[in-house]
Amino acid sequence: MGVSNKIPDGLDEVDVVIAGGGTAGCVVAARLSDADPELSILVVERGHDNYEDPTVTNPLFFLENILDLGVPNPRMMVYQGQPEPNIGNRTMVVPAGSILGGGSSINMLTYTRPQREDLDGWSMPQWSADAILPYLNKFETYHGPSSSASIHGSEGPIQVSNSSYGPTQLQGDFIRAAADLGIPEDADLQDLDSNHAVQKNLRYISPDGIRQDSAHAYLHPRLQDGKHPNLHVVVEHEVVRVLSEKDKAVGVEIRPNPEHGNGAEVQTVKAKKMVVVSAGTLGTPLLLERSGVGGKDVLDKAGVEVVSDLPGVGEEFQDHNTMLLSYYTSLLPNETYDDILNGQTTLQQMLEEKHEMLAWNSAEITSKVRPTDEEIDAMGLSEGARLLWDRDFKNNKNKPVATISTANGFIAPIADEDKDWRFLSTGSFLLYPYARGHVHITGPAIEDKIDLKTGILTDPEGFDRAMAMWLYKKQREVVRRLDVFRGEYAPLHPPFNGDSDAACKRYDGPLPPDVEDIKYTKEDDEVLSTWITNNLAQNWHGIGTCKMAASTESGGVVDGDLGVYGIKSLKVADLSVVAHNVAANTASMALAIGEKAADIFAEELKVSS
Ligand SMILES: Cc1cc2nc3c(=O)[nH]c(=O)nc-3n(C[C@H](O)[C@H](O)[C@H](O)COP(=O)(O)OP(=O)(O)OC[C@H]3O[C@@H](n4cnc5c(N)ncnc54)[C@H](O)[C@@H]3O)c2cc1C
């Protein structure tokens, strides 16, 4: 069977159910089906099929997924947060892909990888960096520069390349400007060990310009080759809960997703061998809790019977906290996507014209950076923040603090008076915030309100705020040194006093090569700190809500084999299992988890992948 938006008649029992056909879920399904084509597998995905959908395959459509372009977007869903006092009572809205392929079908396509220390830091020997590198390699065919053949993959289904559009003059300009500030270029910053450098961005785009999502790379070929007759995919359906008998998962309850209007009947499908939950960092803990797997307090309040008391479920939400800033530039019209934002064209029109820019993700630069010892000394850190720096970063030169990345274009509709400008935006994010959030159910039904707090800026030591202030200043200094720089777009920057050296300004040409760093006064720092409270945001890279750990005492939800504690035959395979943050945009981690999970499950099911 291929992809269907109905549960086929008679399909009331399979060997394995996979709840969520996202980035990791598609990998698990495909590899298990390869391991044993006799194994009957059902993938249930709440979003629609993505097969040859031009809004997926053409990379530039990512713009519709991150900006409000006034076009309905059925590919996305949002998890609605609660007001958070530490960020000025703002409510964070956390978006996620809701489509076959999940995040990999909608994301911004930037390819980066974690640091060695990130993976070793999970303290799970079977998930150490040495154990995971083969899986990071397994999913990719890498077309970028590398110092060693063994660091990247050459036979995986996901192509990683520079794409067929670009690069623009921004790459060389940014690399020179960063070098002027002591941040050198590293051709392959994604080798797990390099740090404090900038890199020409590589992308999940094939050399001929097609997005590389996990459904097209893994699932669709197998659904069409006639060799995987027992691989079933049902889209536009939600898994309501996992069903268990005594201490064993035995199936799932599924209903049509009301957003797609396919009826309302709830159906049960039995899983003879295994249920794999792969609904993403926010979807997975909510599904487990609806199934009675979670902290007793949460479940009692929500009116759900406890099947396994696991207080770690939904806790320890972590993300990369981000700031988005825009600058006036002298970039050329064909070097930004701004014509879409200033009303000159639309993505639909570009599709009709088969415009070559559709193959682009606009992100030309990525980086991993950290403050120097002198910069740390000058920050005036609190005693607690200084202890954290000394313990976790000081002597650990492999550990960055932040990423500065770029997008060639503005980040909202462009006002009439700015229509002739071309913009550059930076997305700068903290890689290891200490703040933690949570996500829980408040009732038994899928449509019950959720209790989501991202926790941004709640770390008592103020470490995250101090690093965010450093990051704002650092990214601005790099951009000020670009040849294409023509000033800060003030409404998106902190409202520094007009007399201050830090005030936003416009220029007719580049700043002189010997330009000095901005000198921030105490008052400027206060303005910046308040701006951070009101602007630091989630960054789409959530992890940690069903943490993998050696025991439940330390908040563990799954063991090293991804089995949920206290319930047999119930597994989790997605980013919710990641125990501590990674210095990477997170798709690489999700794909590697999918690959490794498939090997673990195949062994348990006594089939070889
Ligand atoms: C806007 C955006 C931009 C991003 N940009 C980048 C980038 O440039 N580079 C990068 O590396 N990473 C990026 N990421 C992050 C990355 O894409 C995600 O971290 C990764 O895809 C998550 O993989 P996953 O398998 O854990 O979950 P997902 O891919 O989110 O998969 C979960 C799936 O489960 C489905 N689901 C949820 N609940 C249910 C249910 N009850 N029943 C059935 N199905 C359900 C969802 O629809 C989804 O398809 C971005 C993410 C977003 C949202």
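Including glycine, each Cβ sits where the backbone N, Cα and C put it.
Sequence annotations record features per position, and here TrEMBL assigns region 'Disordered' to 144-165. Cβ atoms under 8 Å from those of the region 'Disordered' (144-165) belong to residues 59, 111, 133, 136-138, 187-188, 191-192, 200-209, 212, 214, 217-218, 221, 356-361, 591 of the same chain, restricted to positions at least 6 beyond its ends.
Annotation note: Trp540 (FAD binding site) sits in a coil segment as assigned by DSSP. As annotated by TrEMBL, FAD binding site applies to Val239, Trp540, His541.
For the domain 'Glucose-methanol-choline oxidoreductase N-terminal' (280-294), same-chain residues at least 6 beyond its ends with a Cβ under 8 Å from one of its own Cβ atoms are 19-20, 22, 79, 94, 96, 102-103, 239-244, 302, 304-311, 313-314, 317, 439-441, 444-446, 450, 452, 542-546, 557, 564, 566-567, 570, 572, 574-576. Per TrEMBL, domain 'Glucose-methanol-choline oxidoreductase N-terminal' is recorded for 280-294.
Break the region 'Disordered' (144-165) down by DSSP state and the numbers are 3 helix, 5 strand, 14 coil. Site extent for FAD: among the recorded binding residues Val239, Trp540, His541, the largest C-alpha separation is 23 Å. Mean model confidence for the domain 'Glucose-methanol-choline oxidoreductase N-terminal' (280-294) is a pLDDT of 98. Summarised by DSSP class, the composition of the domain 'Glucose-methanol-choline oxidoreductase N-terminal' (280-294) is 11 helix, 2 strand, 2 coil.
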